[in-house]
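A.B. asks: Take this structure first; my questions come after.
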Amino acid sequence: MVNGEAALTLAPRLRFQVLLHVLFEHAVGYALLALKEVEEISLLLPQVEECVLNLGKFHNIVRLVAFCPFASSQVALENANAVSEGVVHEDLRLLLETHLPSKKKKVLLGVGDPKIGAAIQEELGYNCQTGGVIAEILRGVRLHFHNLVKGLTDVSACKAQLGLGHSYSRAKVKFNVNRVDNMIIQSISLLDQLDKDINTFSMRVREWYGYHFPELVKIINDNATYCRLAQFIGNRRELNEEKLEKLEELTMDGAKAKAILDASRSSMGMDISAIDLINIESFSSRVVSLSEYRQSLHTYLRSKMSQVAPSLSALIGEAVGARLIAHAGSLTNLAKYPASTVQILGAEKALFRALKTRGNTPKYGLIFHSTFIGRAAAKNKGRISRYLANKCSIASRIDCFSEVPTSVFGEKLREQVEERLSFYETGEIPRKNLDVMKEAMVQAEEAAAEITRKLEKQEKKRLKKEKKRLAAIAALASSENSSSTPEECEETTGRPKKKKKQKFQEAPQENGMEEPAVSFSKPKKKKSFSKEELITSDLEETAGSGSLPKRKKSSPKEEAVSDPEEAGNRSVPKKKRKFSSKEEPLSSGPEEAAGSKSSSSKKKKKLQKLSQED
């Protein structure tokens, strides 16, 4: 070989007239590259590696045929999931069908993942190759990708890779919130730590309070009860018959309460100061609160185990099952273990020590804490531990891979272990595993149907609440819109009226004189005056013609009034009303005439009364 580039461009003897393409998946899109065929024998030469690392020489070998960018980060995530699962995505199918030659036999496609290569070969019919030359070419493409694609920089490519990596990892880590075994691992670890701490602190309280009341240690064995009594009694000299009922409540035993009272009267303990007693009581209250929290944590662990691993907890108990899950790392890891591993899980030191010294291997590990092994005879402990580990492995697999969690299988497996114990003791033949599992399947289906019905009811209730909430929001929005529209209408209609009033008020001020026709141009005021004017005109006609010259004299006074509104509001004399009645026919409409006809009968009655009074 002369140099690396020449060695890389030599075609193998067995491949003539075959186009070699390489598919490269990146965070920004798919890239399809064409290259000259290479010789695999010369691939390991250092000159060839230098040629791949050099951009100028690499451009002479590889040519970008097509680049299909992803439309969004969501599309990129979908394509990444499809490639990892070995599924041909529609974007990848379109790229290959568009840009690869139609004669599929003359095309050799190089891919990095064998899964996607097998899927492409099965669905599209292109021959795919992985490893060897393709791995070296993909290494060079990955190194120089931002230079092969126009408009793509190294910074943007790194950002796209980082974003896709985060979203891909986030999608892979998604799990069911109600079936999280991480919480079980932390809970059982905290429970074991609390047991150790409570035991240590209780021993400290026993030693500390024992200086003052040493007889209490022999009477009370439970640590939590001892701390409660130390907190309640305090100074033993103050203990009397009145506190006997409270002592019975704390000890839940009348004989023990009476013994404590008698021991306090004849105790050999030393006297203690008030400050020391305060410290002992405060420390005892801390230990009591820790023991109460330990009980609540155990209740929480039981509820989580019933959700995550109901069969395992029904078979071997919540605490032992949680310890098995914690030691394995997760429920999935425990389900992958064989029964022989589950049997000695937790006894690794003893196992390796036995293998090293060629001694006897341990028969059980964490499952020793279950009640079955303790109930078995010494010669049957190994047999029952092996059988129990087998059932635990089955239960963990059922819990891990079943869609609907149920404790039916765990209860049936527990019955089988009980029957096996009785077989070792009495020789009674247990039932066959096939018959037991058939019964369990029938009960499990019924339980699953019941659970699905409950879930459907809960979903319906949730949807109803959501509909009500949306309807309330829509009604509130519509009421706000309806209340806002009349206000807007009032504002729009009120503005031009104000402008008209202002025009009418400004007009007489500009002219300096007031025209009589303009001064009474408001139709509402004319209607109010029309009835009175008709009445006064009829009265004046009946009274005679003596008041006519007075009316003429009053007319110029009305013209001298500058403000039309003041003239309309103040008390107008009968002479002025007569003058307005003459002008009224000019501006009055048919509505006023109709109103006057309807009130004619009332006017006649009033005229008759006035004439009688005169």
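Heads up, the Cβ atoms here are built off N, Cα and C, so glycines get one too.
TrEMBL does not curate its annotations; it predicts them automatically.
Per TrEMBL, coiled coil is recorded for 434-473. Feature annotation from TrEMBL assigns compositional bias 'Low complexity' to 475-486. Taken from TrEMBL, the feature domain 'Nop' applies to 308-426. The region 'Disordered' annotation in TrEMBL covers 475-614.
Describe the structural context of these features.
C.D. replies: Using a Cβ-Cβ cut-off under 8 Å and counting only residues 6 or more beyond its ends in the same chain, the coiled coil (434-473) has close neighbours at 404, 406, 408-409, 412, 415-416.
Note on the domain 'Nop' (308-426): its mean pLDDT in the predicted model is 91.
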A.B. asks: Taking helix as H, G and I and strand as E and B in DSSP, count the residues of the domain 'Nop' (308-426) in helix, strand and coil.
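C.D. replies: Helix (H, G, I), strand (E, B), coil: 92 helix, 0 strand, 27 coil.
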